[in-house]
Each structure stands twice: as structure tokens, then as C-alpha cells.
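The feature domain '2Fe-2S ferredoxin-type' is assigned by Swiss-Prot to 2-92. Annotation source Swiss-Prot lists [2Fe-2S] cluster binding site at C35, C40, C43, C76. Annotation source Swiss-Prot lists domain 'FAD-binding FR-type' at 100-200, citing sequence analysis.
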Amino acid sequence: MYQLKIEGQAPGTCGSGKSLLVSALANGIGFPYECASGGCGVCKFELLEGNVQSMWPDAPGLSSRDREKGNRHLACQCVALSDLRIKVAVQDKYVPTIPISRMEAEVVEVRALTHDLLSVRLRTDGPANFLPGQFCLVEAEQLPGVVRAYSMANLKNPEGIWEFYIKRVPTGRFSPWLFENRKEGARLFLTGPMGTSFFRPGTGRKSLCIGGGAGLSYAAAIARASMRETDKPVKLFYGSRTPRDAVRWIDIDIDEDKLEVVQAVTEDTDSLWQGPTGFIHQVVDAALLETLPEYEIYLAGPPPMVDATVRMLLGKGVPRDQIHFDAFF
């Protein structure tokens, strides 16, 4: 264990082998972060004293200018090699609501939702305790150093069930391995829960859930929580590339009687497709127009989709604090 000193904060500790981000959050420190995967750069810090090892030296969250300075690092992608003194602007909103822990989990069910999207259910010994819309870092012993962030699609439960909708990324390392080794009884490790874009039940507004690709997991969790905890109408918009990528809602066990679902594709390659065609932010805009500020809005998906949707929402007058999002890098 190494000591972690952040200017203006009480000292904490860095666990051996844990990322600096996970260690800081486990100490109750409001360390800023977003994707926890090396892509967004929100967890960047300045190293004042000590040594760290980068788990992903080429992570896109660091700019070339950051690398030239030599003392800028991503907390989600480095581990401590000594006592550390760092500089970062901590914020209370990042202090974990639920304590973060590392858990061993068993794969209990794997189902194909589409040709490249799996529903994977894991079970831990203790209860599955998390907020709707949060995510976990997932690891496999067979892939040392490979850590991926996936949102839970289900809700907290005493049975210890954690469900994820995982999309195959052909150029990735974790998802292709999982698709090829998708067998019940396999062991994985979860670290979490993490994420600050969770469901807010007390706003009094209707919920609008928007997902693209693997963002379905996040959008489904928010929709499930909203239907359970409020009596307000819930809308879910989901965008795919082609009709082949579209999901059947019966396969993900979501109650369409209480939920208005709109599924769109960007490439209409099937003459039988009857849904809207276009980018999902355009479909949402056309469907809801000037009523968008009436909603509490939750969205997740690839960064270009999230960026385009946020710009559209702000342009429609939606207050920034009514928009909650996760971008999957």
C-alpha cells in the first residue's frame, strides 16, 4: 500500500495493482472521472511527487501536449509505484454513493440479443447493490491488464445478479474474447459500482432514455427504474446501424405496456423495416420537438452519438442539469 496525497485533501492509500482512480474513490475522495476507460480524459491529474506505471500509455484521453509535459496522467490508467503527491480538482459529486469494491462473479446466463449483442448475467456472493445507470469495470483472468466498463441493464437485487448488454467490437480485446468464450460457469471480476449519470427519481419530470449501440444497457436500466419508481410516462429511443442490429424488446424482458419505445436505424437495408431511419438524435428531435425541456434525459452510446444528441438538446433549450450521459469509448 502506498500513501496518496492530494492537495487540499486528507491523505489516502493506493492499493497494490488497483488503478489510482479506483483507489481514490475507494477512499471516499471525489476524484473526477467519466468513462473510467482512458478515452475521455476527465480523470487527468498532475503528478507532483512519486512514480506511477501506465497500463495504457497510448490512451486517447491524454493529448500530445499532455504527454510532452511528462507529468500528466490518467488516474483510470495508472497504478502507484511509490507514495504519491498529486494535483487534481476533486468535487463532491464524484464521491461514491455506494462503496466501491472488487467482486468475483460467475457467469450464470448468456443470451444473444442480436448477431453482435449479448445479454450476460453474472452472480456474486453478496447482493447486487448499485444505482440505476451505474457501471462496473469487468476483467477476466485470461486477459491480464484488460479492463472494460459496462453498464448494468438490470436493477439492484438481493440475489447478486448483475446483467450487462455487451456489444462485440471487432477491433477490441475483451468483447471478441467474451463472444468466443461465452459459457456458463466462467469467472469474471467486477469493480464498482461507478458512474454519476444515474437515475434521479425526485425531479417530477418525465424520463426520456436514449441509447445507441451498447448504450442500450444504460437506457434499459433507467427505463426500468423510472417505470418502477414513478408514475410518469417513460420514452425510450434506441438507435442501431441496420435492421439486423435492431433488438426485439421481448428478448430483454422490458414491459412495453408501460413504455413507449422507438427504434431507429441509420441504414435501411431491409425493405421490411417499418421504423424510422436516421441518426437517433434526429429521430428524437423530430418526435418531441419543443417538448424536450419537459423531460429528464438520460443517454448513452458512442461519443459522436452522445455529442450530437447533447448539442441538439441544448439547442432545444433543455437545461444542462437535466441531461445525464455516459459515452462509451
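Cβ coordinates are placed from backbone N, Cα and C, and glycine is handled just like the others.
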Cβ-centroid neighbours of [2Fe-2S] cluster site C35, C40, C43, C76, 8 Å, sequence order: L21, Y33, E34, A36, S37, G38, G39, G41, V42, G61, L74, A75
Residue, out of the binding-site residues C35, C40, C76, whose Cβ gathers the largest set of other Cβ atoms within 10 Å: C76
For the domain '2Fe-2S ferredoxin-type' (2-92), residues assigned helix / strand / coil by DSSP: 17 helix, 27 strand, 47 coil
